[in-house]
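J.: Grabbed the feature section from TrEMBL, which reads as follows:
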- 12-45: transmembrane segment (TRANSMEM)
- 51-70: transmembrane segment (TRANSMEM)
- 82-99: transmembrane segment (TRANSMEM)
- 105-123: transmembrane segment (TRANSMEM)
- 135-155: transmembrane segment (TRANSMEM)
- 175-195: transmembrane segment (TRANSMEM)
- 202-220: transmembrane segment (TRANSMEM)
- 232-249: transmembrane segment (TRANSMEM)
Amino acid sequence: MEYLIFNSFQVFLIAGIIIFLGQVIYAALGFGSAMVSITLLSLVFGDLSQIIPYFLLLCIPTEIAIVYKNRKTIDFSFVKKFVLFLFAGLLIGSYLLKNAVPEKLVIYLGITISIIALYFLFFEKKLAFSFKKNGFAGKILSFITGILGGVYGISGPPIIIFLKGLKLNKSEFRATILSIFFSMSILRTVIYTFLGLYNIKILLTAIFTFPFVMLGLYLGNKIHLTFSETKFKKITAAVLLINGLILVIKNLT
């Protein structure tokens with residue numbers, strides 16, 4: 001295993017199982033893979049400067065497959081505008097990954113995300129609100145998304161909040177969020193390459209763990225089809241809450 005970032009076959013298998021679980025969640029919901037995979041991989045391996053660029057490469061096949069299959073449900077003009085503001089945050093986040101991370105700011109963001117998730121779980125019907133596709137809130141949340149994606153590879157929460165505020169159905173939600181993530185993945189790959197975060201070990205490890213990605217994509221797609229609209233909304237809100245709590249806990253310890 002000297003040519004991979006994992007130092008033994010046992011660690012490689014554990015990483016493969018983690019990748020599989022992450023991609024099942026990603027294909028089923030459209031987000032959440034980084035929350036599971038990066039958190040667990042960091043416990044197994046520890047070096048985020050290698051784990052995050054490595055994991056990014058594994059998400060691209062799932063993004064391409066689902067975006068292509070559901071391309072007719074995506075408003076690509078909206079996605080382009082969203083990604084413009086995301087790019088600015090991504091540059092800042094990638095720089096912070098290379099240098100220093102503002103932990104207190106991430107804690108406050110995690111608390112805010114957790115509160116909003118609780119709203120979606122328990123109060124959405126009683127206290128309804130909505131966003132406009134081209135409104136100011138989308139630009140702010142897009143910028144925050146970029147920062148989180150660059151630093152942690154966990155960029156879902158701000159986008160989830162915004163897309164839930166647009167009241168999309170489950171297919172539109174999943175396809176739209178993955179089209180944004182795909183655009184972000186391409187940008188991050190270019191930026192990480194420019195910053196020197198990729199090496200031959202990361203590339204080879206991504207190739208060898210690719211079968212786990214495809215298995216996760218297949219099962220996740222099957223699971224997505226079983227969700228009702230109501231169940232999908234509750235699950236996405238619950239996963240959003242977990243995302244927020246993880247951001248807080250990771251930066252308190």
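Glycine is treated like the rest: Cβ placed from N, Cα and C.
No curator has checked TrEMBL annotations; they are predicted automatically.
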J.: Does the transmembrane segment (232-249) reach the transmembrane segment (105-123) with at least 3 CB pairs under 8 A, where each pair is 6 or more residues apart?
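T.: Answer yes: the transmembrane segment (232-249) meets the transmembrane segment (105-123) with 3 or more Cβ pairs below 8 Å.
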J.: Please figure out which one of 82-99, 105-123, 135-155, 175-195, 202-220 racks up the most CB pairs under 8 Å against the transmembrane segment (51-70).
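T.: Checked against 82-99, 105-123, 135-155, 175-195, 202-220; highest Cβ contact count belongs to 175-195.
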J.: Using a Cβ cut-off of under 8 Å, list the residues of the same chain at least 6 residues beyond the transmembrane segment (135-155) that approach it.
T.: 34-35, 38, 48, 51-52, 55-56, 81-97, 101, 106, 109, 161-162, 165, 180-181, 184, 188, 191, 243, 246-247
J.: Would you mind listing the long-range same-chain contacts of the transmembrane segment (202-220), meaning Cβ under 8 Å and 6+ residues beyond its ends?
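T.: Contacts of the transmembrane segment (202-220) (Cβ under 8 Å, skipping residues fewer than 6 from its ends): 3-6, 12, 15-17, 19-28, 50, 53-54, 57-58, 61-62, 65.
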J.: Take the transmembrane segment (105-123) and find every residue of the same chain, 6 or more past its ends, with a Cβ under 8 Å from one of its Cβ atoms.
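T.: Those are 144, 148, 151-152, 157-158, 161, 164, 233-234, 236-238, 240-241, 243-248, 251-252, in sequence order.
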